[in-house]
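Q: Sharing a structure, written as structure tokens. Questions coming.
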């Protein structure tokens with residue numbers, strides 16, 4: 001997966017999809033009460049990016065619904081994964097709980113109500129910290145409560161705090177989440193990968209490859225914009241690379257030394273199926 005980073009308005013969304021990105025990551029802000037409000041990152045953000053792009057969350061959901069619906073004039077077949085990077089820090093536990101319910105309600109309203117089941121996009125609900133686990137809990141409960149339990153097949157989960165892998169697994173076990181888990185490791189592109197290192201990324205890949213007992217479906221690295229970093233990630237066996245330059249990542253993927261092992265994912269590929277590094 002070539003995952004376009006910080007896709008927070010429609011102009012940049014079109015640009016990245018034109019480049020060939022098959023996944024987008026969007027920052028979602030919340031009110032103090034936990035109501036999803038807008039796609040917005042703000043400053044500081046990645047180097048060489050405009051931090052203040054924004055659009056309302058409802059408009060964002062309507063647009064991505066159109067883009068992922070076959071037969072719609074705006075349909076883009078390469079839009080497979082939508083990573084919702086949830087800006088939850090500072091919210092109370094009650095607000096987090098409400099936020100999980102409201103996100104489920106909004107996804108259902110824009111994508112799946114009224115008998116609509118043909119949208120092709122899959123979501124990853126990306127929570128910053130394991131201490132905010134109640135958000136995932138109430139999201140899953142609300143999906144069942146509103147009759148959308150079957151649509152959990154289109155939803156995955158991720159914690160982005162670069163935390164201890166065993167602690168993260170224990171939280172997933174507590175929540176009863178045993179599949180559809182995307183695991184990530186990374187750092188802003190303003191900091192050289194040399195300073196971050198890849199030991200935790202390698203640990204995630206090892207855990208993914210351990211067998212049926214593992215809890216990880218996919219592993220992605222962020223935010224990789226340099227060729228050396230992208231090549232290293234591919235050699236380690238990641239499933240996705242989040243980047244500010246999707247076309248650049250795809251061009252590396254298509255080089256002979258990598259295309260024999262990798263290809264860009266399509267709709268026929270299950271975003272939650274586990275593939276081992278070879």
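The chain as shown is numbered from 1 upward.
Using N, Cα and C of the backbone, Cβ positions are placed for all residues, glycine too.
Copying in the features that Swiss-Prot gives for the protein in this structure:
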type	residues	note
ACT_SITE	5	active site
ACT_SITE	41	active site, nucleophile
BINDING	25, 27, 85	Mg(2+) binding site
DISULFID	45-51	disulfide bond
DISULFID	47-190	disulfide bond
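On this model, are these features tucked inside or out on the surface, and what's nearby?
A: A C-beta separation below 8 Å, combined with a sequence spacing of at least six in one chain, links residue 5 (active site) to 25, 46, 49, 222, 223, 242, 243, 244.
If you take the C-beta of residue 41 (active site, nucleophile) and look for same-chain residues 6 or more apart in sequence within under 8 angstroms, you find 6, 8, 27, 51, 52, 53.
Long-range neighbours of residue 85 (Mg(2+) binding site) (same chain, six or more residues apart, CB within less than 8 Å of its CB): 25, 26, 27, 28, 126, 160.
Residue 51 (disulfide bond) falls within neither a helix nor a strand when secondary structure is assigned with DSSP, and so counts as coil.
Residues near residue 47 (disulfide bond) in space but far in sequence (CB under 8 A, at least 6 apart, same chain), listed by position: 188, 189, 190.
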Q: CB neighbours of residue 190 (disulfide bond) within 10 A?
A: 12
Q: Please report the three-state DSSP label of residue 25 (Mg(2+) binding site).
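A: The residue in question, residue 25 (Mg(2+) binding site), is strand (DSSP, three-state).
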Q: Within its own chain, what residues at least 6 apart in sequence put their Cβ under 8 Å from the Cβ of residue 45 (disulfide bond), listed in sequence order?
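A: 6, 51, 188 - these are the non-local Cβ neighbours of residue 45 (disulfide bond), listed in sequence order.
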